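Participant: Here it is, the structure in full.
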Amino acid sequence: MEAEGSSVPARAGSHEGSDSSGGAALKAPKHLWRHEQHHQYPLRQPQFRLLHPHHHLPPPPPPSPQPQLQPPPPPPLPPPPPPPGATRGRYASSGASRVRHRGYSDTERYLYCRAMDRTSYAVETGHRPGLKKSRMSWPSSFQGLRRFDVDNGTSAGRSPLDPMTSPGSGLILQANFVHSQRRESFLYRSDSDYDLSPKSMSRNSSIASDIHGDDLIVTPFAQVLASLRTVRNNFAALTNLQDRAPSKRSPMCNQPSINKATITEEAYQKLASETLEELDWCLDQLETLQTRHSVSEMASNKFKRMLNRELTHLSEMSRSGNQVSEYISNTFLDKQHEVEIPSPTQKEKEKKKRPMSQISGVKKLMHSSSLTNSCIPRFGVKTEQEDVLAKELEDVNKWGLHVFRIAELSGNRPLTVIMHTIFQERDLLKTFKIPVDTLITYLMTLEDHYHADVAYHNNIHAADVVQSTHVLLSTPALEAVFTDLEILAAIFASAIHDVDHPGVSNQFLINTNSELALMYNDSSVLENHHLAVGFKLLQEENCDIFQNLTKKQRQSLRKMAIDIVLATDMSKHMNLLADLKTMVETKKVTSSGVLLLDNYSDRIQVLQNMVHCADLSNPTKPLQLYRQWTDRIMEEFFRQGDRERERGMEISPMCDKHNASVEKSQVGFIDYIVHPLWETWADLVHPDAQDILDTLEDNREWYQSTIPQSPSPAPDDQEDGRQGQTEKFQFELTLEEDGESDTEKDSGSQVEEDTSCSDSKTLCTQDSESTEIPLDEQVEEEAVAEEESQPQTGVADDCCPDT
């Protein structure tokens, strides 16, 4: 495939990377973490590639030249399989073809050249008949009644499942061609044994996947669906059942019949053998699926295994890498911690004797007495710089609003100002008959329950998440998809999602046997508390902004807000990511290529991920804002570490101000958490989030460039390090997956640490072809020499003891 990719010139005008004068491809910018061969692959073969580790189905060859005035020749036979060890691949039709024709299968190689030309023309010119309207709007019959009933599904009118419904009846998954230039996340690595997986087989290898138009499928359930589709199509080809009317499940437009006589016996046996192999793989996957687990849990367990391997490798490189790995593992993998709970002090014992009959943290505030509809300021709060504030708020619909400037201009009322502006912008006050004085009273009361002395999880963060959610709701891909009630629920959930945050983590509250942890049984402690406070404040005087909603609307909004806020628990990150990626990829390989979002489960899943993306959006903002957020979160972490030190507790990862590697933590945070999430969101709304991904890449590059490069330690230091090795850290994951291999369970490896008093830091994160970012040539050579003399000995970050 590498030879194919490099020998065929790119079609002029077929891609942004091609110049306008001919087929010569421009080199990819240096900051893009991809090879350049994808510019040279012809657009006549759009396809999805599916990744699973054990077998390989050969790709379709390019179409043969057609003699003039003669019928097309028989379809070419599949090429021989790739060399051993290649990543298993499966092919399905492109997103562009799929959306245009509502579902070609992976036997697209049998289509006539004319059909391929139409596909290529549609991709290159953007001309797609039937999709002139917004790509994700409801059909015309919904425009007057486009309300989704949370309890009963879609409202009266044409059902999205109606075969006569236009392709715009839902969220249409677009072909992701531009995305192929960008480095993919670790999710696209092979799930085979990490140590036996060569670099060339990674997602970013020119051999494995550097083909223009590829889209790799990594979730197991979507892989099974695509493989079964391959089996179905191969069976049809082998048995001459191609003339059969296409089923609803597998529509085949203009697929020519294949005469068995035109296939040699050897090729026939080969195709039959590959079909049987494909079916065996599907059966193996389905046998591991337990009835009590969802199909997305297959993806969640797979992603956790892969992240565990990445973190284990990262932890072996240095103490700072080990600390970053611990932080990511403890925060985002929903691990169960065995901790020694310290004995409570006498003051704490007396405090715990108080009854738990009321929600803690709710204060009695009076904002309504001075507010009337006639005297409410323009932006809800009094400010002497109203005109300057108005200028800043002109960007409320744009990504990267300077929320710190708004906090300064509004007298530290950014949440009230931004929420009021968004409600006015979206006309929610009129739609739900919300009195403006009631809205301002509630918002000011809510904002007062965010702690001003908490560095990160305060009212500014809440305002930032609200505004980010507002922008994501406005993306062209989601135009007219969500109802006004769903929009209100998402914005309200964003506003309350961190109210009364104490500035410490859930695990800290659990470890200290806090009252909140007892009340919520150690399960999403803070998230449950935020919801309780947010809804409790609605009961305060003149604070019920939902007073004019019907009973059913209130129940639906409460249900959605609860589901959204609980999903902001970072320990649920992997499950949330797996759910979304499974949903997106499953629709890519099914017949429609259209995400209908015709049930509550799918719709709330998108909203949950939207707010989760907004909550993890700091690295996607302009660098100036991102750095301020980083300083704030590290300050909050260090304060928690100081409290843990005072109590004699083990200091949480990244919370020890004496040895935390801030720059490396941000690179790891982006590589293993933020990038995979935003990459999946960008697939969902493609191409609307491409600028966000570009900013994320630039910010990662900046933090990577600021990591001090480590010189190799002196021989004496090396000897001292070998004598002073500390306790080794090992990652362990408990997956709810029976039949997991021993290599998967024992994939965690130990790290050897050096206690030399060096301030150096070794950069080690995920790269496009390996999990290690190379240093400059001199340092890299020294590191290799050191590794030969003392295997697996890390470079210490400082002389302080490890946490």
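Here the Cβ of each residue, glycine as well, is placed from N, Cα and C on the backbone.
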Participant: Since Swiss-Prot lists His497, Asp498, Asp615 for Zn(2+) 1, which candidate among His461, His529, His573 does it give for that site as well?
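Facilitator: The candidate from His461, His529, His573 that Swiss-Prot ties to Zn(2+) 1 along with His497, Asp498, Asp615 is His461.
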Participant: Going by the AMP site in Swiss-Prot, where Asp498, Asp615, Asn618, Gln666, Phe669 are listed, which of the candidates His451, His457, His470 is also part of it?
Facilitator: His457
Participant: Out of Ser137, Ser180, Ser368, Ser374, which residue gets the phosphoserine annotation in Swiss-Prot?
Facilitator: Ser137
Participant: Roughly how many angstrom lie between the C-alpha atoms of His457 (3',5'-cyclic AMP binding site) and Asp498 (Zn(2+) 2 binding site)?
Facilitator: 7
Participant: If I take the alpha carbons of Asp498 (Zn(2+) 2 binding site) and Gln666 (3',5'-cyclic AMP binding site), what is the distance between them in whole Å?
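Facilitator: Rounded to the nearest whole number, the Cα-Cα distance is 22 Å.
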